């Protein structure tokens, strides 16, 4: 039987890398707006600066590697890395902090591994973890949020230029506060920062905004539902069980879901198509394990938040997960194990 | 015994067959103790002395040890040398000995030492064997010190800090503050910094090698353009 070419118009997928990346950037805008509203324009400054640094590093590396610079710059993947990293940084981050993180993310974590599509680890999270273990003080210094007022524009600018932490404006995040006082009912009661609607003052709005952006991405089919849903379930279920056992020592599931980087991680970070698992079943496993790891590290680990560490650890495991979750090929029996025959 | 090419031994040890950047041996101490120049120099010197001593001893007994028992014998010699070094460091540079800790006795397990004993010293006379030990040790030492300097400058902003631990009180003034008021870049001091640093050094060496090879080819095969065209048309079956 001859296969006849269907006549035009051929339906062409409207999707290319640049378009996907632009959608991701649009989806971060609500989160960026809320962060700016609550914590001053520090985040906005850092996002713009990070984009500049990322484009510069990307261009330099592409040139050094002899790749077409303009073509790869236009796909916007460097911008997405920069935006995600800058959103994860505290609003008090001075320019050099952002510079080191973004430069490392683009040069080492992305281009040295072979550029877009070749990186085994999420570049933004590699940059974040580099900064977190190298500059722990600067990385845990958050401003704004109750009981502190939002810093003025000038204060944020000074902070960005590296003029020390703002006196009387910076404090610990709700996650950090809960960690410090877990089990101590009186202290937890006195901590104003914990008395938001569900997840500490201000933070529920940040996370809701990222959730909104994430739903937009789902709606536009830029990301699938497997990873975010599994991620959130993996975090909420252990949190629920532990909270039922001892609500004083363990935070409730809503607190976990709506504080720290949960929503940013679930919809924007863990869904990175390059470094995540690929099959549907694999993505469910990948998401659940990230969620569980986040709960474990938040509860028992040495750091208040754990999205970056968990995502990187599961990036490491993604090829392994893929190996054992190969989908059945049409017309063939299910493979016995792993790679099959 | 055939003539021994000392130039080749030297080039092999320092560059072409460098234990750290080409053979990638002895990574455990290489990565673990290169947080500063003084640590790197201390361990590098210890390894160099052990290499020379063990190569010399192995070369001397090479006719009396049968193949079957050669490895245990070599390991015994190396272990004895390391014990001597360990005691010397305990006696003369006690603080540095404490900082380097387990990595001094671990020189026994440094594959470079056993590798050179088996691959070179057991087949050569005393002088070439010692030269090889010295050059291999020096090559290892140089990489250690470069990596130590890199990590110390990036990680702490200083160079040659605490040299008095190795060289005596006068060396205290060797400390150079490269970047004043430096907050410190912890990653460089932490283990990941060692891997990144060594990776960059190896990459740098490979780039230099590539350039040198290209330059050599250009010199040996002068421009032949125009005369050697390859047929590009015609039937391709």
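Yeah, the Cβs are placed from backbone N, Cα and C, and that goes for glycine too.
Your range for transmembrane segment, going by TrEMBL and the list A:174-192, A:307-325, is A:307-325.
For the transmembrane segment (A:284-301), the residues of the chain that approach it from at least six positions outside its boundaries are 175, 179, 226-239, 242, 250, 256, 260, 262, 265-266, 270, 276-277, 307, 309-311, 313-314, 317-318, 321, 325, judged by C-beta separation under 8 angstroms. According to DSSP, residue A:173 (FMN phosphoryl threonine) sits in a coil region rather than a helix or strand. Tertiary proximity for the transmembrane segment (A:226-245) is limited to same-chain residues at least six positions away from its ends with a CB under 8 Å from its CB atoms, namely 214, 218, 251-253, 255-257, 262, 265-267, 270-271, 276, 280, 283-292, 294-296, 299. Contacts between the transmembrane segment (A:257-277) and the transmembrane segment (A:95-113): absent, as fewer than 3 C-beta pairs lie under 8 angstroms at sequence separation of six or more. Across A:24-57, A:95-113, A:198-219, stretch A:24-57 shows the highest tally of CB pairs under 8 A with the transmembrane segment (A:69-89).
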